[in-house]
Amino acid sequence: MGAWAIAVHGGAGVDPNLPKERQEEAKRLLTRCLDIGISALRSNLSAIDVVELVVRELETDPLFNSGRGSALTENGKVEMEASIMDGPKRRCGAVSGLTTVKNPVSLARLVMEKSPHSYLAFSGAEEFAKKQGVEMVDNEYFITEDNVGMLKLAKEANSILFDYRIPAVGTCGASAAMDSPLQMNGLPISVYAPETVGCVVVDKQGRCAAATSTGGLMNKMSGRIGDSPLIGSGTYASELCGVSCTGEGEAIIRSTLAREVSAVMEYKRLKLHEAVDYVIKNKLDEGKAGLIAVSKDGEVACGFNTTGMFRGCATEDGFMEVGVW
Amino acid sequence: MGWAISVHGGAGDIPLSLPPEKRLPREAGLRRCLDVGIAALKAHNHPLDVVELVVRELENNPHFNAGKGSVLTTSGTVEMEACIMDGKTMKCGAVSGVSTVVNAISLARLVMDKTPHIYLAFDGAEAFAREQGLETVEMSHFITPENIERLKQAQEADRVQLDYTQPIQKEVPKDAALADGDSQIGTVGCVAVDNEGNLATATSTGGIVNKMVGRIGDTPIIGAGTYANHLCAVSATGRGEAIIRGTIARDVAAVMEFKGLSLKEAAAYVIDQVPRGNAGLVAVSSTGEVAMPFNTTGMFRACATEDGYSEIAIWDSPTK
C-alpha cells in the first residue's frame, strides 16, 4: 500500500516583526497537532477522521484564528466557518455563520454525513447543530482578550486587520498594519485572512482529505463569508490530492485555488510539487495566499507567496518539518 | 468574434408531457429575457450589466425558481441566493439567505462593487441591502401558490425536490426518463460576451424545495454554479450538491485552458463527468461561441449570437 503524509497550517501572511515568543508558541502548537495526526495515522484512522481530529485541536487552541481565538466581526462577535472534503467520492460539508458551535469542522462533517445538503449557514446551521447534539457554548467562549484588542486597533486604523497576534501594546499593531498598506478588492484596507487553520492528509490506503476552519477577517461585516467554507476555493480533495488554503480570502475565491491544484494535476498531468508551484506562481495575480497539499502517492507540499506561513508537515518515512518563513 | 448571449431557466426532469400552461409562459419568459439581453448587447452595454439586467427579468418572472417564484424552504420561507462574476477582472459578488430583496442579483453586484468582500449572507446581506437602499418587500411577495403546493407535496413525499417539474402525481405512472423521481429544475442564469471578448455570468435561485433553513447550494459558490474568466463565462443548474462537488463552472474553463478543448467540447466533457440527471449549464466563450449542454431530461434555455442565430428550447440534443 501507499505511505501516509500530513500537513497542517495556521495561516499565511506573517508579520516580519512578529515577536519570537509568538513564533515559538505557534511552532509548538503546529508540532503538537502534527503529532496528534501522526499518531492517528499510525493507528490506521482514515484520512477524513485525521483531518477532523487535527483541525478540532487547532480550533480548541486559542492561538490561531479558528474556534476559540477567532477574529471578531465589526460587532465584536465571532462568526466561524469551516469545510471538509473526502477525496474518494468528493463528499463535502461546509458551515458558515456559526456562533455557538464549539468545533465548526465537526459540524461541517455532520453536514456532509447526516444532512441531504453540502453547506449550511447561520441560524439553519445552528439549528442543525442543536439537533445533532454537538457541543454548544456561548459566543463569549470564543472571544479572547487579544482579539478584543486587535478589533479596537482595526477600527482605529479603519481597516480590516491582518491578525498579526502582536500583543496589543499601544499602537504598534495599527502602525504595523499601516506600514504595509495592502490593497484588497481595490480598496485601501489591509489584507490577509488572518491565521485560518487547515489540515490535509493522505492515509496508507491513498485516500486524501482536507479540512479548513476560520473566524474570518478581523472587523469583517457580519454575514461575510470567506474562502474557507467554499469547496474549490479554501478546501478541496479528490482522488489525486487534498488541499487547504489560507490568505486573502477574496483572492483564493477568485482563483478557486484549492481546486486549481487538483485540476492542474488532472489535466496537465503535473505532479504535486509542480502543481503547487505552478498554481502559486501563476494563478494568484496580485493576491497573497498559501496552501498545503498532499497527493495520493504520499507526497506533501506547501506553497505561498506571502511573507511566511505557519505550517508543519510529516511523511511516513520519518520526514518532519515545522516552519514559519 | 461577435457578441453572444445565453440564458437558462433551470435543468431537470422536465417531462416531455409538460402541459402547455406550464410550458408556454416559460418559453415566453425566455424569449423576452433573450430579447432584453440582445438589445442591451446591441446597445453596447457591458456584459456585466447585460447579465444583471437579464437575470433581474428572470427573477421578476414568477414562473422561474428565482426571486418571485422561488421555491420554499422546509419552513415555508424564501431564502434566495445569487452570484455575478466579471471574466476580465475576475471580480465577483455573491449573496445567500436573502428573503426580502426584490432582486438578489443586484445585491450580489453591490457586494462586488461596494464592499471589500465577495460574499454576504443572511442577516448581514439583508442589512447591507437596506444600507444600499435596494428595493425590499415583504417575503410574501416572492411566494407563489404553485410553490406552496410543491412544498406540501415534497413534505408529504418527505423528500427534497430540486424544484419544479413533477408535482408528485401519486396515481400517474412516472416518466421512464426519471432516474429516481426527484424533480430537478431550479435556478436561472445568463452568460454574455460582447464583441471585444468581455465576459460575464450571473446566476440566481431560490434553491431546492423543502431545503433545510440555511442550506446553501451551488449558485453562490464561485467555481461551482457560477464562474467567468478570460476564456469563458458559465452558469450551471441542477442538483447543487453534485455541482459543488464537481466544481462544474470552473472546470469548463480549466478544461479549455489545460486540455485545449473548444467551449462546446469542454462544456460537454464537464457535464459528462456528472452523474446523469444532475446538471446542465450555459456558457459563452471570448470568441462568441455558445454551449448549452445538460444531462437531465431537459433544460429551459435560449441563446443568440451576433450572426443572427437564435434558439429557444427545452428538450432535445444535449450536445449544444
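Every residue gets a Cβ built from N, Cα and C, even glycine.
Because TrEMBL annotations are produced automatically, they should be read as predictions rather than curated entries.
Pulled from TrEMBL:
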- B:Thr187: active site, nucleophile (ACT_SITE)
- B:Arg215, B:Ile216, B:Gly217, B:Asp218, B:Thr237, B:Gly238, B:Arg239, B:Gly240: substrate binding site (BINDING)
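Distribution of TrEMBL features across the structure.
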residue: B:Arg215; record: substrate binding site; contacts (Cβ under 8 Å, 6+ apart): B:Thr73, B:Glu79, B:Gly207, B:Ile208
residue: B:Ile216; record: substrate binding site; contacts (Cβ under 8 Å, 6+ apart): B:Glu81, B:Ser96, B:Gly97, B:Ala121
residue: B:Gly217; record: substrate binding site; contacts (Cβ under 8 Å, 6+ apart): B:Glu81, B:Thr187, B:Thr205, B:Gly207, B:Ile208, B:Lys211, B:Gly225, B:Gly240, B:Glu241, B:Ile243, B:Ile244
residue: B:Asp218; record: substrate binding site; contacts (Cβ under 8 Å, 6+ apart): B:Ala224, B:Gly225, B:Ala236, B:Gly240, B:Glu241, B:Ile243, B:Ile244, B:Ile248
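Listed binding-site residues (B:Arg215, B:Ile216, B:Gly238, B:Gly240) with a CB under 8 Å from any chain A CB: B:Arg215, B:Ile216, B:Gly240. Summarising the environment of B:Thr237 (substrate binding site), the number of other Cβ atoms within 10 Å of its Cβ, over all protein chains shown, is 35. There are 31 other CB atoms within 10 A of the CB of B:Gly238 (substrate binding site), with all protein chains counted.
Cβ-based crowding with a 10 Å cutoff singles out B:Gly240 as the top-ranked of the binding-site residues B:Arg239, B:Gly240.
Across the residues annotated as binding substrate (B:Arg215, B:Ile216, B:Gly217, B:Asp218, B:Thr237, B:Gly238, B:Arg239, B:Gly240), the two Cα atoms farthest apart lie 16 Å from each other. According to DSSP, B:Gly238 (substrate binding site) is assigned to a strand segment. Neighbours of the residue listed as 'active site, nucleophile', defined as other CB atoms within 10 A of its CB across all chains, total 35.
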